[in-house]
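A.B. asks: Here's the feature list from TrEMBL:
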COMPBIAS  B:1-23  compositional bias 'Basic and acidic residues'
REGION    B:1-29  region 'Disordered'
DOMAIN    B:32-212  domain 'Nitrile hydratase alpha/Thiocyanate hydrolase gamma'
BINDING   B:Cys123, B:Cys126, B:Ser127, B:Cys128  Fe(3+) binding site
Amino acid sequence: MNGGQDLGGMQGFGPVAPEPNEPRFHAAWEKRVFGLAMAMGLSGRWNLDASRAAREALPPGEYLTSSYYAIWLKALERQVTAHGLATREEIASGTVSAPAAPVTRVLKGAEVEPLFDRGFPSDRPLDVPARFAVGERVRARIINPPGHTRLPRYVRGRTGTVESVHGSFVFPDSNACLAGEAPQWLYTVRFSGAELWGEAAEPGHAVSVNAFESYLEPLA
Amino acid sequence: MAHEPHDPQNHDHPHDHPHDHAHGSGSELSPMDLRVRALESILVEKGYVDPAALDALIETYETKVGPHNGARAVARAWVDPAFRDRLLADATPTLREIGVGGRGGEHMVVVENTPDAHNLVVCTLCSCYPWPVLGLPPVWYKSPPYRARAVIEPRAVLAEFGVTLPGSTRIRVWDSTAELRYMVLPMRPSGTEDLDEAGLAALVTRDSMIGTGLPRHPGARA
């Protein structure tokens, strides 16, 4: 989706502004949202890609004017209601008025450390060979999917060089809409600054993105 | 780190506890506190969320995971060439050798600064960041100015962070658009020949592992 999240190359935001003491959380509610989103992400009703898609689905004006954890909160509220886990009235009032819906898993306190220490790898075996090789010139496809994608707008239609082939990974565009993991080969593709931004680009600069195989096409 | 006395006037101080304010007296709660408390009540009461898991998640990422892990890896790479080679070739199992790994670092890539090339990490689409080595990202990393500008004018962004590099140094920007997470291996500062690993790790700043900073020089420690 060409939403408010796809920020690469936008202008007019002003300087980067590090905070003096850089608190991890700015208010008590932010850490509760962090914990709730992480816990519900393991409920089995959705996945990390779906959560990113829910955040990106906020209208651009709202996305760009909401704080980071406010975006997480709004997306989580939408996911909870869209999946029938609670009604709008319930989350507005804080009072339960409808029966609970089934979830696949409830993360227990004692599970957090071992589970998060192990992590959640997203590489998946694939029995077809990679289409592209290191050093090959490729073009990022021009796509504008209405759903989730991880191909940023600023590289679409641009030509780059395959820097590495990483193996096969869960394809977010499919996983986000709960249509299956549909693993694909994943590459790092390097683009020159001039290719992305034109002749006035800063000299000696290159940008690498991680691109799934279906995002790329060979140069004719 | 010593625990500072609780200051009831400072609601933003960095050492507050998971429960301190949201579960304090109702008259102090902001609209966002109330909104999140309502959601939490529903999710807990319906049995979807275990409060103990919430506390464990918050505690882990507020206090346990942080850039000290990445600094240990960098210092080890500076003193142990074989470790450095493994780190650059296959970072994930190499970081496990020093007990570092997990959520947000399942597929790590370490990129090395040299006199010819400086690396800078960003996530233009969201906030992907190598949690096991650096902890949760700072707000600026997640905010529009950095996400928008790091890919189009990295030298200007670096200059705002006080990093000015020779024109001959290439800038390599890594946009974390998949589940690969990047950490920069900065160059070892000069004048550190006598320092041991712990002394070296103390020079490694978080920003030097994102690429928006350089390690401290000995004697210039904050």
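Glycine is no exception: its Cβ is also placed from the backbone N, Cα and C atoms.
Unlike curated entries, TrEMBL annotations are predicted automatically.
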A.B. asks: How many other Cβ atoms are found within 10 Å of the Cβ atom of B:Cys126 (Fe(3+) binding site), counting all protein chains shown?
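C.D. replies: By my count, 20.
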A.B. asks: Short of 8 angstroms on C-beta distance to chain A, which of the listed binding-site residues (B:Cys123, B:Cys126, B:Ser127, B:Cys128) are there?
C.D. replies: B:Cys126, B:Ser127
A.B. asks: Using an 8 Å cut-off from the Cβ centroid of B:Cys123, B:Cys126, B:Ser127, B:Cys128, can you name the remaining same-chain residues around the Fe(3+) site, in sequence order?
C.D. replies: B:Leu125, B:Tyr129, B:Pro137, B:Lys142, B:Arg147, B:Ser176
A.B. asks: Identify, in sequence order, the residues in the chain of B:Cys123 (Fe(3+) binding site) that are 6 or more apart from it along the sequence and have a CB within less than 8 Å of its CB; answer 'none' if there are none.
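C.D. replies: B:Cys123 (Fe(3+) binding site) has long-range Cβ partners B:Tyr129, B:Tyr141, B:Arg147, B:Asp175, B:Ser176, B:Thr177.
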A.B. asks: Can you count the other CB atoms that lie within 10 A of the CB of B:Ser127 (Fe(3+) binding site)?
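C.D. replies: I get 20 for this one.
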A.B. asks: Let me check the 10 A CB neighbour count of B:Cys128 (Fe(3+) binding site). How many other CB atoms are there?
C.D. replies: 25
A.B. asks: Within the domain 'Nitrile hydratase alpha/Thiocyanate hydrolase gamma' (B:32-212), what mean pLDDT does the predicted structure show?
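C.D. replies: Mean per-residue confidence for the domain 'Nitrile hydratase alpha/Thiocyanate hydrolase gamma' (B:32-212): 97 out of 100.
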